[in-house]
Amino acid sequence: MYRHGISSQRSWPLWTTIFIFLGVAAILGVTIGLLVHFLAVEKTYYYQGDFHISGVTYNDNCENAASQASTNLSKDIETKMLNAFQNSSIYKEYVKSEVIKLLPNANGSNVQLQLKFKFPPAEGVSMRTKIKAKLHQMLKNNMASWNAVPASIKLMEISKAASEMLTNNCCGRQVANSIITGNKIVNGKSSLEGAWPWQASMQWKGRHYCGASLISSRWLLSAAHCFAKKNNSKDWTVNFGIVVNKPYMTRKVQNIIFHENYSSPGLHDDIALVQLAEEVSFTEYIRKICLPEAKMKLSENDNVVVTGWGTLYMNGSFPVILQEDFLKIIDNKICNASYAYSGFVTDTMLCAGFMSGEADACQNDSGGPLAYPDSRNIWHLVGIVSWGDGCGKKNKPGVYTRVTSYRNWITSKTGL
């Protein structure tokens with residue numbers, strides 16, 4: 001005979017029930033807290049925009065120096081975008097906007113934009129609508145003279161990495177702006193990461209010897225006198241990054257090309273090209289500087305910047321971090337005065353600094369860049385650190401190789 005079992009029901013102890021309740025409540029609390037945090041805390045968002053300009057063809061792919069007409073258009077668009085967003089209901093969320101490229105097409109030109117905003121994720125959909133509407137309004141009300149087509153505006157969200165890729169191949173673009181004001185490389189201040197991403201350290205047998213400027217993924221521009229007695233390319237490497245001996249990237253040198261008329265005594269035609277054995281990969285901290293057009297003219301008192309890892313004073317110590325300073329262009333007539341350089345500065349050279357001796361490059365800054373910003377704050381290589389009498393002396397400013405005088409020579413050797 002089979003006997004049916006008798007099941008008995010047992011209740012949970014009170015403390016177990018309380019423990020389970022508190023555990024579930026804690027999980028719900030954390031979940032709700034994370035959700036609120038995710039929806040409320042601001043994040044940075046990146047957008048790529050495009051619109052059409054009819055009837056006029058522009059060609060600025062951002063990889064080379066732009067024409068004056070393209071620069072004027074890009075500057076006007078950027079100014080109008082800045083004004084439009086700063087005077088809108090989303091001015092608090094607005095961070096930055098810029099023109100990336102102007103590309104020709106069959107009926108005119110396409111303008112490529114990059115925009116940056118910061119807002120809570122919950123506002124993503126509505127924010128994109130507001131941004132696009134503001135761009136449409138800007139084109140309709142303020143861009144008629146440029147033949148902009150408001151209906152052509154497109155806007156899409158992109159990742160931070162995609163945003164960086166838009167500008168990494170562009171020349172002369174900084175990631176970070178400089179923060180110094182009126183200090184000098186001699187006893188100067190350190191630069192920020194990404195402020196001068198084209199600056200390179202020419203290392204001879206593993207030690208910093210000269211500076212150079214990255215002008216393409218394979219070529220650098222430097223001073224011929226750096227290599228006059230050290231011309232074996234196998235002895236040279238190139239470091240990129242603001243810390244001279246802890247580089248982001250290092251490359252071997254394949255070839256060094258001197259100017260054919262380089263003269264050591266007077267440092268005439270003090271310019272050299274350095275060809276890398278392997279291309280560099282552009283990043284936000286390693287970028288090329290724009291080469292100027294041969295017809296670019298600088299005026300007295302124009303602002304320029306010199307950078308380098310040279311000594312902090314004559315026969316002094318070397319910095320670890322890249323140094324920077326703002327200088328002024330000095331007219332060659334002043335530089336050639338009897339109390340200055342007495343006619344030794346030729347038309348293929350330029351002077352920069354202060355006659356009072358406030359700022360200067362110094363030893364082992366040779367070959368480094370003298371950079372000039374255009375109206376859009378895009379930087380052009382206008383000079384190469386060449387020579388001077390001491391460092392920061394009164395009436396003895398730095399003398400630089402004038403890059404515009406050698407544009408045809410650079411093109412003949414590199415195709416740039």
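A Cβ is built for glycine as well, from the same backbone N, Cα and C atoms used for every other residue.
According to Swiss-Prot, the feature active site, charge relay system maps to H225 (among others). The DSSP secondary structure for H225 (active site, charge relay system) is helix. For H225 (active site, charge relay system), the count of additional Cβ atoms within 10 Å of its Cβ stands at 21 [all protein chains shown].
The feature active site, charge relay system is assigned by Swiss-Prot to D270 (among others). For D270 (active site, charge relay system), the same-chain residues 6+ apart in sequence whose C-beta sits under 8 angstroms from its C-beta are A223, A224, H225, H259, Y262, I384, S386, W387, T401.
If you look up Swiss-Prot, you'll see S366 (among others) marked as active site, charge relay system. In the three-state DSSP classification, S366 (active site, charge relay system) falls within coil.
The disulfide bond annotation in Swiss-Prot covers C210-C226 (among others). Taking a C-beta cut-off of under 8 Å and a sequence gap of six or more, C210 (disulfide bond) has these contacts in its own chain: M202, W204, S222, A223, C226, N364, D365, S366, G367, G368.
The Cβ of C351 (disulfide bond) lies under 8 Å from the Cβ of I329, I330, D331, N332, I334, C335, Y341, V345, P397, G398, V399, Y400, each of these being in the same chain and 6 or more residues away along the sequence. As annotated by Swiss-Prot, disulfide bond applies to C335-C351 (among others), with the evidence given as sequence analysis.
All protein chains shown were included, and the count of other CB atoms within 10 Å of the CB of C362 (disulfide bond) stands at 28. Residues annotated as disulfide bond in Swiss-Prot: C362-C391 (among others).
Secondary structure of the domain 'SEA' (43-160) per DSSP (helix as H, G, I; strand as E, B; remaining residues coil): 45 helix, 48 strand, 25 coil. The domain 'SEA' annotation in Swiss-Prot covers 43-160, and the record cites sequence analysis as its basis.
Sequence-distant contacts (6 or more apart, same chain, Cβ under 8 Å) of N72 (N-linked glycosylation site) comprise S375. According to Swiss-Prot, the N-linked glycosylation site annotation covers N72 (among others), on the basis of sequence analysis.
The N-linked glycosylation site annotation in Swiss-Prot covers N107 (among others). In sequence order, H52, S54, G55 make up the list of same-chain residues 6 or more apart from N107 (N-linked glycosylation site) whose Cβ falls under 8 Å from its Cβ.
Marked as N-linked glycosylation site by Swiss-Prot: N315 (among others). Remark: N315 (N-linked glycosylation site) has Q363 as non-local neighbours, by Cβ distance under 8 Å and separation of at least 6 in sequence.
For 1-17, the entry in Swiss-Prot reads topological domain 'Cytoplasmic', with the evidence type sequence analysis.
The topological domain 'Extracellular' annotation in Swiss-Prot covers 39-416, and the record cites sequence analysis as its basis.
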Response to the item:
C335 (disulfide bond), DSSP three-state class -> helix
Item to complete: Could you please provide the mean pLDDT value for the topological domain 'Extracellular' (39-416)?
Response: 93
